[in-house]
Structure formats: C-alpha cells, structure tokens
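These features come from Swiss-Prot:
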BINDING   CYS53, CYS58, CYS61, CYS83  [2Fe-2S] cluster 1 binding site
BINDING   GLN796, PHE827, ARG941, ALA1108  Mo-molybdopterin binding site
BINDING   GLU831, ARG909, PHE943, THR1039  substrate binding site
DOMAIN    15-101  domain '2Fe-2S ferredoxin-type'
DOMAIN    257-442  domain 'FAD-binding PCMH-type'
Amino acid sequence: MGSLKKDGEIGDEFTEALLYVNGVRRVLPDGLAHMTLLEYLRDLGLTGTKLGCGEGGCGACTVMVSSYDRKSKTSVHYAVNACLAPLYSVEGMHVISIEGLGHRKLGLHPVQESLASSHGSQCGFCTPGFIMSMYSLLRSSKNSPSEEEIEECLAGNLCRCTGYRPIVDAFRVFAKSDDALYCGVSSLSLQDGSTICPSTGKPCSCGSKTTNEVASCNEDRFQSISYSDIDGAKYTDKELIFPPELLLRKLTPLKLRGNGGITWYRPVCLQNLLELKANYPDAKLLVGNTEVGIEMRLKRLQYQVLISVAQVPELNALNVNDNGIEVGSALRLSELLRLFRKIVKERPAHETSACKAFIEQLKWFAGTQIRNVACIGGNICTASPISDLNPLWMASRAEFRITNCNGDVRSIPAKDFFLGYRKVDMGSNEILLSVFLPWTRPLEYVKEFKQAHRRDDDIAIVNGGMRVFLEDKGQQLFVSDASIAYGGVAPLSLCARKTEEFLIGKNWNKDLLQDALKVIQSDVVIKEDAPGGMVEFRKSLTLSFFFKFFLWVSHNVNNANSAIETFPPSHMSAVQPVPRLSRIGKQDYETVKQGTSVGSSEVHLSARMQVTGEAEYTDDTPVPPNTLHAAFVLSKVPHARILSIDDSAAKSSSGFVGLFLAKDIPGDNMIGPIVPDEELFATDVVTCVGQVIGVVVADTHENAKTAAGKVDVRYEELPAILSIKEAINAKSFHPNTEKRLRKGDVELCFQSGQCDRVIEGEVQMGGQEHFYLEPNGSLVWTVDGGSEVHMISSTQAPQKHQKYVSHVLGLPMSKVVCKTKRIGGGFGGKETRSAFIAAAASVPSYLLNRPVKLILDRDVDMMITGHRHSFLGKYKVGFTNEGKILALDLEIYNNGGNSLDLSLSVLERAMFHSDNVYEIPHVRIVGNVCFTNFPSNTAFRGFGGPQGMLITENWIQRIAAELNKSPEEIKEMNFQVEGSVTHYCQTLQHCTLHQLWKELKVSCNFLKARREADEFNSHNRWKKRGVAMVPTKFGISFTTKFMNQAGALVHVYTDGTVLVTHGGVEMGQGLHTKVAQVAASAFNIPLSSVFVSETSTDKVPNASPTAASASSDMYGAAVLDACEQIIARMEPVASKHNFNTFTELVSACYFQRIDLSAHGFHIVPDLGFDWISGKGNAFRYYTYGAAFAEVEIDTLTGDFHTRAADIMLDLGYSLNPAIDVGQIEGAFVQGLGWVALEELKWGDAAHKWIKPGSLLTCGPGNYKIPSINDMPFNLNVSLLKGNPNTKAIHSSKAVGEPPFFLASSVFFAIKEAIKAARTEVGLTDWFPLESPATPERIRMACFDEFSAPFVNSDFYPNLSV
C-alpha cells in the first residue's frame, strides 16, 4: 500500500485502501492490481454482475459507481463496465451492483419490478446490466429523465432475446413525461399500450374490462395505469446512501502491486505525476482503462507500471474565457458532453459551432458506460486512426498543451500532433495536460461525420471533422480558412492539406464543390490492400462527407446571404440527421384461457430472480474446493500437419497443473452429434484456425489462459479451402451429403416452351454469430472416488453432453450426469457445439479426480463454436408473362466447415423451405454440404429455413423486376392454398396464409405506405424509402423422425404443490413457464403451486435437444400426459368426496396410498420423410406469418433505419401471448441483424488483409448485433385470431423460429429504397444485393457521382461465404 511522502514520492508505508460495495465496507489488500472490478465482485459472491464479453461491448457487467466530487461537494453516480474497470480505480468509492437494489425476499426495486412485469427479461443474462444502467441514470438525474435520455443510457447494453421493445417500455414509465403513457395514443408520441389486465392483475395489452375465457387484446382499447403502479410500494428496503466515511476521507496517493509484477500508482497532484513519469517513462497512463484494458486482455500486452491520473486535479481543470475553453486531459467524455451542452445554451450561437459538432459526435461515441470513464487525453494519445474525436479536434483549430517532467509547457496544433500509426508528437517524458478549443467566429462552421456498421456504440469505418471560415465580400462569400480532417482512411487521423489549400480564397459556390471533390480524390488516397478493407466504400465516404458538409454550410449561410447559390430542396435531406425517436410498439392478440393458467400472459417464472441477479448460470455456480480452471490450446492455422507440441514454457507458468492431449484421453477421441468425424483433441492434422489441440488446467482462469498461450505448436502448413466456391471448384464436400428433391418435370417444363421467360442467377448470404450473452461453459467433477462424473453445463442438449463425456472417458452413460438450470441464450449455438467443451473439461477432471471449470472467453467462443451457415444458391426459374411460376431448378450449397455436425440437417431444411409459400408445379433441388477449413458451422434459429426462403424471395423479386410488377403482386398470385402439395409431397392443411396476409396488408395500410414512400422519394435525392411485405411458412418438427419424442416427470406433494422436471432447457424462451402453465391448468391449481426444476439427465433420460421450435409442443404434451396419469389415479377418490382444495384431495390420495408421481411421454405423430422415395410428412404442421417493413436509407453513406415494422403470425391459441410476442419481437430483431448488420469477416480471398482462416469479427468490438437504436421506430405485433391448431397442445403453435425470416422484409425494403436511388441515375435493371445489407453494400449499390470515381455501377463488395 502506498502513501505520499514529504518529498512527493509514493512510498511503501501501509495506509488502508478501501471501497464500499452495496453499503458494506471492504478493505482492499495489496496484490490485486491485475484484477478488474468484475472479478472482485464475483469473487465476493456477487455473481449478478455478468461477464459477457470482457471488452466493455455488451453491458452485462454494468454496475453503478458513486464518488465524491470535491469541487461541487456532492456525490456523483454513474454506470461503468466492471469488466474493464481496474479494481483499484474505484478505491475510495461506493460500488452498487444489482444485489444492492432489491431482492425477492425484501422486495424488488421499482426498476426491477417494472422490467419483470413488462416481460423485459427472457434469458436474463443481460438483465442486471440493463437495470443498473437505468438505475444509474435515475440516481444521477435531478429530474425525471426524458425518453431520449433513457434510450441513450441503454445504448451500451446489448440484448439478444427481447428485441428491446419491452425493455424500453418498462423503463419509459420513469420519464413521467406523459399522462397518457400507457393509455393509448399519447399527445406526445405513440406508446406501447400496456395495461393492467383484470385477468392477471399484471401489465399486458388486452384492454379487457373483465376476466373472460376468451378476451381480445386490441390496440384500440386501453386501461390506464400510471407510474404509481410500479413506484415501489412493495419495496421495503432503502436506497443505499453514499457512505459518510468516504465524504470525510482524504484522497491519498496509492502504490499497489499485482500479479506479473504490475505496479499501480495513483498520484493526486500534477507534480507527483510528473515525478512518476520521470521515473517510469514507459508507464501507461490511464483513467478509464477502456483502451489499456483491452490491450492487456485481448492482445495479451504486458505493462509493468500503470499510473491512474483520474484524481489529478490539474488534469481535470476547466477554464472558460473569451477566447475559448480549456479542458483537462483527464476529463471524462460524459463530463465533456455535459459541458458542451451547457455552453451551447449559454454562449452566442456563432461561438459554439465546434461544441455542437462535438455534442453530436459524442452521442454516438461508444456507450454510456465507456463515456463515463474514458477521458479526452486517452482518446487523443492513443492516436487511433479511427478516433471519432481527433478529426474534430484537428478541424476545430484545437491546441494540445503538453508538459514535461520539468514542468515546461508547450502547445501544438491538433492537426500537427499525429505522426503515424499510434504515434504522436509527445516524448516519453511528456504528458498531455489540456486541450484548448477556440470559439468559432461568425460565418465559421464546424461539422462532424461518422459512418459505422452500427450507429450506437461502434467504431467508425470512416469519420471526419470539417471546418470552413467564410468571408463576406458583398454578394459573395469566400473561403478565408478551412480544415478537412478524416479518420479511417490512413494509419493516422489526417488533414486533407491539398484540399484545404485549394479551398482558401475561393468563392463558395457549386463550381468550388465540384473542383474540391476532384482534389480530395488525389489528396486522400487509400491503398488497395489497406487494413480494414472496404476500400471503395471508404473512398466514396470521403467525397460523400465533403458533399454533405458543403450542403450543410450552404444551408446555414443561405438565410444570412441570399446571394449564395442554393441547392434544390430535394438535396437538403442529405444533411438531416437520423432522428432519435422513442421506440414504440403495440401488441394485438386474443387471450383464450384454458383452466387456471394456460392462455394467460404470465410473467416468465424466473423474471424476478433475473432482475435481482439471483438467477444462477453455469459460471455463477459455486465451485467445489480444489477446483481447477481450464483453457484450450488452439490451432493458429487453417490447415496443417502438426510437427511438434512443446509445453516446456507452459510448465514454468504460474499455477500450471497440466496439459492434456489426445494421447491422454481414456476413451475415444472421435466425436460428433451424428457422424463421429471430428477429433476432440487434434492429433496429426488441424483443419481450421481454432481447432482444439489440447487443454491446459491451472489454479485460475487467467493462469490457465496464460499457460495455454505458452504451449508451442509447430506446423507444416497445407492448402486450405476458404469459401463455398473454392469448395465447389475442388469438389470438397462432406461424404454422403448430396440430397435431392423433385416434383414434376423441370427439364420438360423448360424445354416445352411453357415458360414465357427464364431467369438464372446466384444468391449468396453470409453467416451469423449466435452471440448468446452467456458464453459457453461447463463445470465438471467426479463423484464416489472418481467412478462417476457430474457436470453443470450451459447447453441446449444435456443428453449430448452426457453422451460425449461418456464416450470420451469410456464410461457408461449411467455414470455420467449433466444438469442445466438455465442458459443465457442459445439460439441453436449450444445444441451440439457446446458438447465438446464439456468433454474436453472432463478429461483432466477424470484423470486428476478434481473439479474442472472451463468457461470460454467471448472471442474464443465466437472463433471456435460455429455460426449460422453461409449459403450459395444457383437458381433457374421459369414463369409466364403474367408472373405465374412454373419451374424451379436450384442448386444449393452450405458451408459446413471442418466437420459435419448438423450441416446436413440444416441443408435439408433449407431445401424443404426453398418454396417458402409458393406453388411451383415443377421443382428440382440438389443440395451439398461443403467441407471448408473453417470451424464447423452449426444450428442457428431457423436451421437453414431462412436461408432457403431468402434464396426464394430473391428470385421472386427478380421476377417482379423482369415483369415490371410489384413483388407483392407476384407473391400473391403464386401463394399456396389449402390442399397444396409441396415439392416434398406434404399436403398443406389449415393453411391460414391468405387470411393472415390480407389482414396484415390492411392493418399496415400497405398501399398507402408505398404511395407515401414514392412521394418521399420524388422529393428527396439523397434519402430514399422503401417498403416491403414478406410471408413465411415454417415447418414444425425435427426433420429427423426419432428426435420427435419428449419425456417429463411430475411429482405431486402432500402440500398440494407440484414439481415438474422435463427434458427441455430454459434458455429464455419461456419453456418452463409454459410447461408450468400446462401443469397448473391440468390440476386446476394456481401457477404459483407449480415449480419446474433443473433439466437433468438422471431425471429425464435420452432427451432431444431443446430446438426446432417444438419444445413447448413436445414437453408440454409430455407434462400433460404425466398430469393426466396422476389425475386418473386421483379420480376415484375425487369422485367420492367434495374437497375444498387440491391440497385436501392430494392428502386424501396419499393416505389411500395412491402414486402421486408419473412419467409422461409424448411422441409426435404422423411424421417421417423418406429421402429415397421423396415421400412422407417432414413436419407436423406449419406456422404461418407475414411482415411489413418500411426503411429509410442515406444513399451517400449507406446508413439506414427501420421506420416501421408490422408482424402478424398464426399461433393458434397461444399458451402465453406475452411470451410469444416476446419471441416474435426478439426473433425479428435478431433476423434484422442477420439481413442488415451482422457480417462475419474471415481471412479469405475476399479479405486478404486478415490472416488466412482467422475470424476478425470475434467480439462486440468488430461484430455488431442490433442495439436498442436499431429496433424499428414502430414495432407492432399481431396474432391471428380465431384459428386453433388441432395438432399441438391446447391448440397452440410453435413460435421460436418462424418469425426470424420475417425480418427479411427489412432487407427487401432496403433493396426497394436502393432501387429508387439507382433510378435517379438511370439504372433501372434488376440488381443483386447480398445479405447482410450493411452500410457498405447499401451505399455502393446506390451508384452516383461520388462512387463513380472508384467503381462501376455493377460493383458489389466482397462477402465471406
């Protein structure tokens, strides 16, 4: 521990370092400088704070930090990412985690209660982070926050389950901004329509006035609830105050140590800092650790001396004077944002143009948690070439004031500060003291620019800062001075100096614009092999940004000088910002109650545990004594022969216990869910980057990772296949995977002249990362002297874990038990690819007879566990001049990766769904699974169905283009009908497609929306809108017949409560809740009397994975079967007496020695498709749906937003409408990510700047799932009414996967908008658009004068497929 000596140096005398956690005083020992706040909290047992990514990108680790501001003499509260915050950075502060709010026993905090009641928690892994972000906003706000502030505070939190709408609704009530918030149409903005339901007493949307067996949820009928309904009346605990001890405590310097020789210093004055810098010139200075922490964790960089400058007053100084504003380099970005907002309100408008630009740029800079700790100086001195702020400092005439260890101060213009890649004009004996920003002058304008993959919390692709100072010379304006700065175009932020020089002295008119654009092309040169790729896109953005700047300046000066040459009004949309509107939504459904619970919108059974952080996940399980931690040794090349494995360096690593390889496996090394075609540990050859070679165990997780990194593997590299097309050319297919489907006679149809027209083409689509918030993990231990093995795993398929471990260890399955309580999201990614993780951990556990815990880091999880398959479809389609489809000839390929896994089944479902909802008389489909040198791809929501349907919808769009008709017209004339026979010989029954489509078309007012989009497009050159409607038909069942079985175990206890155990896994989809509702209604008891226990292989054996959307059908039916068995046994007793309660009946049966336990079983009937004959039912039934979407794109940048989405599904009589609506919304937003945001970038021929076979996008920093700002502005969900499904339990239908594909409506709406943009330049022919439609693809498809210098009109960006 350290204190400040009289001579100003930090000494080694002990002084107590401390912090408060949830009101409890904690003394911090020396030796923890390597530890993050998250690790510390979880070591304390406060596991409600989750590790989702470890890089501050997901928000699952959010906590609130309170500190005392000695300037204002007040305590301040702010949200931080605990995964990045060094433990010692919060010394002397108060940390409040989710456990510090409310809990089930003493009452929930209003924020927790609201989220739980609003169905805002599904898997629950992200939930504590969202709650802490909202709680921090409330604690830090003097007044009720606005709706915009609420959504802004959540920008740093990701959710993969809900689609965000219920979260926004839950928190919006705290704005208290509108009395009509939950009362229908608001005077301020449309809201969601939640009400207190008289049937349940909980928030829903039914609007019903009475409790009926059948009630209709209708957006036109609302019952008011107010803030007081969730104001915490049941919350008996008190808010934690800022500890008085910390108010009085003097701030002292610190010197603390940590593992690996790290020393942490905290100086509290500038002089002390300069002395430390003189002694340790290579020390890393930090405030928030948002950059250094990632470098140390992901890049494994080692820094021996860390100096926290957050508490140095001189670096936090503010000085506002007549010339400008000077801000200290340690000032946090959130403080800078508040400061600029205050200045804009107080200073004359002409002085604050730069301040306004910074405000706009900071809005989109990272998330709130990062802005709360990241500082100005860190962002500047890191000198990232894609820094959002540095180009603005450069353009704004800012000066950086630098001091050396002697106290000498110098100033340097920001535009001269950056010398090269992460190199600045500052010596090792210097630090950045402050930044001076001058006021802008009359006729001086500063503007910010940024284009990223995602608006919220994303790094820039290209950004910029631009300034012009105009001089009024009568009827003309001349450029007196100019700055044009870009980021993302070179190894450093740079000024386009030739362009600046060219502009000065010129008349500000359209001729200058055209000439300047030519100069920029030669001034800003991006090399063709530049890291980051997207070269043509980035080049075009440099011109687009300048054009936008020129328009913006011209618009601003036009009112003051009418002589300025004006642009047409249609151009001005180019400078209008993306609106940040409140997200709203409505839900419309009928409630058909069956018994006490089925049909009711019951809240997720675990919701209250999840909102309090009490719900346990695999990594939260208390570890047994003597537990070891494991980490993988992974291949670093895509295809190679292993020459040697040297673990000598690992053996000397701290905490190392052992390295286990294939030779150590006691059982069989070959594994696989269907075909055992992959090795658990590679022996002679590796076939992908990330293939497991062995597993290291050590005393801690970090030590295991460090030791694994020291294992030296030498290779002889071999040729690698890195795309589907490379596989096709090399005939590289997995054995026995060619599949064929046939209907009618395709060749005869094409040759006979029946087809008026024939089109041929290709459709490519990329893969998708599951991005479940909880990474994969297992805890394995031995029992009874090592003769049995038990495990807790994050998996959708405990039986597969049991089977893999049994197989690898050579044990009978009866001696292996796998348990799963809940998982933090799965989406198919934990169906099979999680099993090898448990198997790998079981080897050292079994051999050492010690518990072993293996939790994957986010980057490793994304790299090795597989993704949604990328696909290639080659089609030939014949049709009439009217648009009637006659024939489809389709070759379809998926990228299986280096093992088969489930790729064949995925391919088969894609082939089944390649008709989508269309009647096609003649069909021939041939499918193949490609072997490539990538990690094996696997199941993902939809399981190939979305890929097959997306291929179909692409050629449907092309038919429409060929015939100059709307796509909707082509769809409607080709819809399947009741009795239609598919190309796999299944007859459609209870087909509700037409009814559903018609109702949606009316409710979304599609024709009006299209007219309005056309009208908008005619008046706006650079913004375009598009609308689209898409249908879906999703088959329900496993396509492998034997998997359509389910078991359950039901116990009735003498107190009248019921315990249910079944083979399905709760992963947020509400399966346990629905199953409990089935049991409650069966016994006619309250839902609170039913408890669903963990999924365990020793309770229900041989369970199929929780997948295929069929779990509610199967396990609900199995539970009902068990309940009915018990009811039948109880009936003789019940018929003889009138019992007042179920408990009385149970007690009587017990005394009559009646068995109150039953095993239920369900077999899905009438299934079994024969691929040889091409006959048989592949599915039990279909879930039909349709969606409408309206989007707006910025043709100059490729940015887009979804203005509206309306979704309608036929779910029969829903078991739980609220849960089903949540599944629909979540699937839609996840699908939106697939078609428009999420792009996997691999090292392949298309991305040569990435190491071959390696995944670049292996974390939230580079891979962008939708954030709260990406959900549609208006998201409406309706369930078709009055259509019970006779083929599933209680007339319901499956919901998990069917809505996913409906997000393609956004994709095709984008394409319609692009079509409008291309029409502006005379490009009216059909054009391909690959998925995902990222900003790069959108912008480059909108060919214009700003992209023409770099590409032709038929240019399409590369895609990893």
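Heads up, the Cβ atoms here are built off N, Cα and C, so glycines get one too.
Excluding the listed site residues GLU831, ARG909, PHE943, THR1039, the same chain places GLY828, LEU902, SER905, VAL906, GLU908, ALA939, GLY944, GLY945, PHE1038, ALA1107, ALA1108 with Cβ atoms within 8 Å of the centre of the substrate site Cβ atoms. When the alpha carbons of GLU831 (substrate binding site) and CYS83 ([2Fe-2S] cluster 1 binding site) are compared, the span between them is 28 angstrom. Comparing Cα positions, PHE827 (Mo-molybdopterin binding site) lies closest to PHE943 out of the binding-site residues CYS53, CYS61, PHE943. Confidence for the domain 'FAD-binding PCMH-type' (257-442), expressed as mean pLDDT, is 96. Here GLN796 (Mo-molybdopterin binding site) is compared against the binding-site residues CYS83, PHE943, THR1039, and the shortest C-alpha distance is to PHE943. Within 10 Å of THR1039 (substrate binding site), judged by CA to CA distance, lie the following binding-site residues from the set CYS53, CYS58, CYS61, CYS83, ALA1108: ALA1108.
Helix, strand and coil counts under DSSP for the domain '2Fe-2S ferredoxin-type' (15-101) come to 14 helix, 31 strand, 42 coil. The CA atom of ALA1108 (Mo-molybdopterin binding site) is located 8 Å away from the CA atom of PHE943 (substrate binding site). Across the structure, CYS83 ([2Fe-2S] cluster 1 binding site) and PHE943 (substrate binding site) place their CA atoms 33 angstrom apart. Of ARG909, ARG941, PHE943, all annotated as binding-site residues, the residue with the shortest Cα distance to CYS61 ([2Fe-2S] cluster 1 binding site) is ARG941. The Cβ of ARG909 (substrate binding site) lies under 8 Å from the Cβ of PHE943, GLY944, GLY945, GLY948, GLY1035, THR1039, each of these being in the same chain and 6 or more residues away along the sequence.
In sequence order, LEU38, LYS50, LEU51, GLY52, GLY54, GLU55, GLY56, GLY57, GLY59, ALA60, ASN81, LEU84, GLY129, ARG858, PRO1260 are the same-chain residues whose CB sits within 8 A of the CB centroid of CYS53, CYS58, CYS61, CYS83, the residues recorded for [2Fe-2S] cluster 1 being left out. Around the Cβ of THR1039 (substrate binding site), 23 further Cβ atoms fall within 10 Å across all displayed protein chains. Counting only same-chain residues at least 6 apart in sequence, those with a Cβ under 8 Å from the Cβ of CYS53 ([2Fe-2S] cluster 1 binding site) are ALA60, CYS83, ARG858, GLY1259, PRO1260. Residue density at CYS58 ([2Fe-2S] cluster 1 binding site): 30 other Cβ atoms are found within 10 A of its Cβ, drawing on all protein chains shown. Within the same chain, residues at least 6 positions away in sequence whose Cβ sits under 8 Å from that of ARG941 (Mo-molybdopterin binding site) are PHE827, GLY828, ALA1227, GLN1230, GLY1296, GLU1297, PHE1300. The record gives GLN796, PHE827, ARG941, ALA1108 for Mo-molybdopterin. Within 8 Å of the mean position of their Cβ atoms, the other Cβ atoms in that chain belong to GLY826, GLY828, GLY829, GLU831, ALA939, PHE940, PHE943, MET1067, THR1106, ALA1107, SER1109, GLY1296, GLU1297.
GLU831 (substrate binding site) has a Cβ environment of 26 other Cβ atoms inside 10 Å. Spread of the substrate binding residues is 16 Å (greatest Cα-Cα distance among GLU831, ARG909, PHE943, THR1039).
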